[in-house]
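Swiss-Prot lists these features:
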ACT_SITE  Ser226  active site, acyl-ester intermediate
ACT_SITE  Asp316  active site, charge relay system
ACT_SITE  His348  active site, charge relay system
TRANSIT   1-68  transit peptide
Amino acid sequence: MSVALFCGPPPAVSFGCKDGRGRKGMVRSKDIVRQTVKPPAHACRLIGWNKYPGSVVPTNSSLSPSPTALDDEIELDLSPFLIIYKDGRIERLKGTTVIPACPEVATKDVIIDPATGVSVRLYLPNVVDLPSKKLPVLVYFHGGGFVIENTGSPNYHNYLTLLAAKSGLLIVSVNYRLAPEHPIPASFDDCMAGFNWVVSHSAGPAPEPWLARHGDLTQILISGDSAGGTVTHYVLLRADAGVIEGAALVHPYFLGSKRLENQTEEDFEFHEKLWRLSTPDTEGLDDPLINPLAPGAPSLAGLKCKRAVVFVAELDFLVERGRMYYDALVKSGWGGKAELVHQEGVGHVFHLSDYSGDVSVDMMAKMVAFLRGE
């Protein structure tokens with residue numbers, strides 16, 4: 001059995017628009033596939049955020065607007081992530097393509113909760129030469145601002161396939177529910193459920209044979225990028241002591257009510273809107289779920305792992321928040337070993353789209369070394 005980086009072409013149908021229209025000029029086209037998911041009520045009670053009208057209008061200005069024009073009126077524009085229309089449709093502009101799991105290269109999908117539909121994608125590296133060897137297990141949480149991406153997204157599928165091949169770890173990637181259809185804390189709850197599902201395999205009959213046969217449940221690590229890094233912190237606070245060996249937070253999506261010097265006003269306002277859309281009952285950007293350093297947030301001394309690494313990128317608008325998190329962790333009295341990896345000249349989650357660049361290769365090497373405990 002071999003591990004391949006690519007498992008074949010993506011499905012013939014790509015769900016969601018990817019035509020790069022930007023914020024305006026919204027037109028209907030028979031070639032565009034739209035998601036038509038009705039959002040929860042809170043997503044329609046928006047307080048005047050970016051209500052741009054659609055551009056489909058009658059050619060004769062004396063005519064009344066057509067139903068099509070009315071359908072395309074925008075309630076909230078969060079390009080390049082998603083657009084919410086006044087008729088209730090949610091259109092995701094990226095992060096919706098799914099690459100099927102590939103059993104022939106040791107990847108597969110498993111539904112862990114039929115009630116919610118939460119699933120995981122497993123990545124098993126080549127074990128032909130050492131069939132009885134138990135592999136450390138990495139539980140991974142993908143990014144996407146809590147509103148886009150999934151375990152089958154090309155960037156994540158290809159990156160985790162490569163990571164499994166190079167590290168020799170059995171990887172379990174959690175496919176959690178997205179906002180705004182499923183407001184936070186649904187995503188956090190789903191990721192915690194995915195983590196607990198993995199841990200449960202150490203306490204009796206194991207429902208998943210790959211984990212039972214090949215997983216070393218005494219060596220569990222967790223990791224996530226962007227929003228997945230936020231979830232990683234959440235899980236570290238709630239896991240049982242002694243269960244997690246190590247944690248890697250990659251460009252973690254931490255926010256705060258104070259705009260930092262490296263953050264533009266546009267970026268700051270965009271992510272505030274995104275967070276409020278995802279979390280209707282939020283306290284704002286100092287909600288401990290998104291700002292682990294906010295007043296009243298749980299102490300970082302309570303993280304349940306032996307070692308941790310925080311990756312930050314120089315050109316990422318989140319870089320200073322990541323640094324602040326690392327500094328606070330070191331000063332918290334936490335008893336583990338912490339490491340900060342700062343990479344220059346690159347931006348947010350650059351490593352998901354570039355595997356061959358020098359900085360990406362260096363990052364992969366550092367990640368593999370951390371996961372292996374080297």
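Residue positions begin at 1 at the first shown residue.
Placement of Cβ uses the backbone N, Cα and C atoms for every residue, glycine included.
The structure displayed is predicted, hence computed values, not measured ones.
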By a simple count, how many Cβ atoms lie within 10 Å of the Cβ of Asp316 (active site, charge relay system), its own Cβ left out?
20
In sequence order, which residues at least six apart in the same chain have a CB under 8 Å from the CB of Ser226 (active site, acyl-ester intermediate)?
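Counting only residues 6 or more apart in sequence, the Cβ neighbours of Ser226 (active site, acyl-ester intermediate) under 8 Å are Gly143, Gly144, Gly145, Val250, His251, Pro252, Tyr253, Leu318, His348, Val349.
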Have a look around His348 (active site, charge relay system) and count the other CB atoms within 10 A of its CB, chains all included.
18
